[in-house]
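Peer 1: Sharing a structure here in structure tokens format.
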Amino acid sequence: MNTPNWSAVKALFEAALAQSAEERERFVIHSGAEAAVVAEALSLLRHHAATGDSFMAEAAPRHEGPAAQPGQRLGAWELQELLGSGGMGEVWLARRADGAYEGEAAIKLLKRGMDSAAVLARFAQERQALARLDHPHVARLFDAGLSPQGLPFFVMERVQGQTLDRACAGLDLEARLALFLQLTDAVAHAHRHLLVHRDLKPSNVLVNNEGQVKLLDFGIAKALDPLEGADAAEQTQAGQRAFTPSHASPEQIRGEPVSTATDIYSLGVLLYQLLTGQRPYGRSAHSAAEQAQAALHENPTRPSSLSPPPGSAPPHWLATRQRLRGDLDNILLKALEKEPERRYASVEQFAADLRAHLAGYPVSAHAPSRRYLWAKFARRNRLAVGLGLGAALALSTGLAVASWQAHVARQARAAAELRLSAVKGITADLVFRFGDAITYLPGGRKAQDALLAQTLEALAPLVEGEQPDGALQALSASILARRAELLGNDTTGTAELAAETDTMARRAIELGERLWAEHKGDWRFAQWHARVLQVQSVRQRNAGQSSQAQASIRLAIERLEQARPLAQHDVLGRAGLGVELANTTLSLGQTLSSAGQEAEALALYAKAEPVYRELLADTAMHTEYDRRAGPGEIKSEVYMRHQLGVALASRALTLLRLDRVDEAHAQLQATLPLRRANVEAEPANIAWRDGLLQEAHTLAGVQLRRGEWAAALESSTLAWEENERLSKQEGPKSKWAQMPRTLALSHARALWRNGRPQEALKVIERGQVLWRAASGQGRNPGAELRRASLDALHGAVLQATRQAGAEAALRAALQALQPLFTDPQVGRPARLAWAEAAQWLLAQHPADAASLREAALNALDQAATKAPLAADHQAMRAALQG
């Protein structure tokens, strides 16, 4: 005689006790468990019937009134109101009462009679397991302990909302899938921590008022029953139920060990009900035993083949059934396979197929093969199969050739689709996850560029063939956009790559526009299409083509506004397109600022900044993004901090154009801590280091204008030394090798103001050498202004240190700056730089005093018509009036 599996016996016995007394033996007999397990479970049931309720006396709940009273303290929490009561315990609303912080929670307290040694042992074990779970879609466990009466309690996050099935009522298919994907993410998180829920059903999943799913009682079923309400067929004696029959897997019903496959099955049942409003099987079952039998012996109905629900059919029923046909049919049936090994290998794979379906990509699930279905039929009908084989053989011989040819064709198409899907997935990961992870590491730009170029070359035959795959073309357009961004990026691009950048951007935009109508629902494609339009806009802006730059960036905004509503089903899609729209708004502000439209630019910065702040505070989004991120990818919080810094720095530069120095100073003071935090978080990322040096350089110039000499030297030294490190690291062709021509002025002036004139002279001379080498390379008035302005002020510092050549440098600067006075973009700063150079020259050449003084005052007055003069320029004007 076989020795029974006692864990299976126990599970089956406890499940039987969940049934009514007259149903218990029938339930066990038809459970499908091994004969030895069934025999022992029946023996225990008969003993239980003979001994009566005393058999379970220790665990049975006693009706003794509430286990607690309002106002009672449990640790740091004070009970406020009884929210619900079940067989095992009570749920209380509680408030934090120790003054550490204010907050509410739900406390689940066991009743007297449920504090047996076995329950307390399981309670202690589960307390440690649950403490490991930290996920935005799992109701958090705040605390746990024993009441003064020795009763165990859990302190859980209080969730206010609807059950998942009610929240889905009235939603379209995409919105239902989006909520379900939040649930799969929560379950996958728990599986990674070696916890299986075992009781997934609508009443254990709430959707809060913000549309966020919260999974309740994860793992607590092992220690105590959930206390949420359930259907009458699901109510059980406390401590005796291992699962809910309507959502249980076959192995649970048979009393076999559970695994992650058990939760996958229950998720399949749950999704089936969310999409169809009906059970996958057992739709006529009226008791828990009948539901269990249906799970064991009935195959799920293909969702698209269902008849309308009883009663009047919903108006959308036919459309929904049509949407289910194909991918969703196959996904659901794969999750609901009776054999655990035939289900999805993980919840992540289940979710990946749903996301692929939403994005229009092929899925891994497919209809069961004929061989599999035949084998299932043969096992169930051995005699009939044996008698029919002879006749079937003769018929099959005549059809063999045709059937095989059709089979081969179908298999070839399916294999091609799977290979193409794999190519897309691997390519996207290679380029946008692993490739991007190396971009800002030392030497990473070159490696990333080579990777992008080789990937585009490899994809060309698939993208440019007679029947190209649209999704692969969209991926190719995104890779072209990424390469254009990389080549033209201010942090890593060089002047020599300008032509190639323009070519990449043009190709990406042309392909993206051609694909837009069909693929705008793919939020990643939409994101990259908008980015390459931004790249083109920046290139046009730097070439002095202001109107073209504005047109490009406004098209990017238009495209993002079209795509954003289509991405609401994905938390990352919402955030990704939201931040991209903010980035594009910010870019438009920068473009308008450079065109002299400062007021409009400031309004756009004010529109973008709150988006960054909101996303920076969105911990749920950060958790989800980082969970899906590849190795080495930038952390979501770090990126949002960077973009907030860009917004504040852009506002500061525009304020400086208006001579609003103190306001610009405040913006830069707020920006620098963001830059430092990013460098501390990811010290190898050269983009963060570059951002820090840029903001430190701008801040040094502002501090000089405010007369804060020591602070200015600290800021300019930070910028100068970080640039030296980056230049050495990235080589002589990097942008940092040329940066001293920009940084030299403020650093030299700060050195001079702090009594270090010889060091200032060396810095200025290095900057002038680089400017003279680049003097013929200016391609627009802005570049020429920067060169001329720096030459002028370099000369001023040279004059201050009593070095020969100061007068010639100053007069050359006055001559270079004057033609720029009428330029709408750079006229004002050109006049201010001219006045400053003239003031320095006046000190050494009083013979020219009258004409120089009058011309300098006129330059300042003309600048003041554009915007009020800052304090330092007002002081300059007062000194000239003298």
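Cβ coordinates are placed from backbone N, Cα and C, and glycine is handled just like the others.
When I checked TrEMBL for this same protein, it listed these features:
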{"type": "DOMAIN", "residues": "77-358", "note": "domain 'Protein kinase'"}
{"type": "BINDING", "residues": "Lys108", "note": "ATP binding site"}
{"type": "REGION", "residues": "231-257", "note": "region 'Disordered'"}
{"type": "REGION", "residues": "283-316", "note": "region 'Disordered'"}
{"type": "COMPBIAS", "residues": "284-305", "note": "compositional bias 'Low complexity'"}
Peer 1: Residues of the same chain, at least six outside the compositional bias 'Low complexity' (284-305), with any C-beta under 8 angstroms of its C-beta?
Peer 2: 15, 18-20, 23, 26-27, 30-32, 233-234, 245-246, 248-250, 253-254, 272, 275-276, 321-322, 324-326, 328-329, 332-333, 336, 338
Peer 1: Please list the DSSP helix, strand and coil residue counts for the compositional bias 'Low complexity' (284-305).
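Peer 2: Reading the DSSP string over the compositional bias 'Low complexity' (284-305) gives 13 helix, 0 strand, 9 coil.
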Peer 1: Indicate whether Lys108 (ATP binding site) is helix, strand or coil by DSSP.
Peer 2: strand
Peer 1: For the domain 'Protein kinase' (77-358), report the average pLDDT of the model, please.
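Peer 2: The average pLDDT of the model in the domain 'Protein kinase' (77-358) works out to 79.
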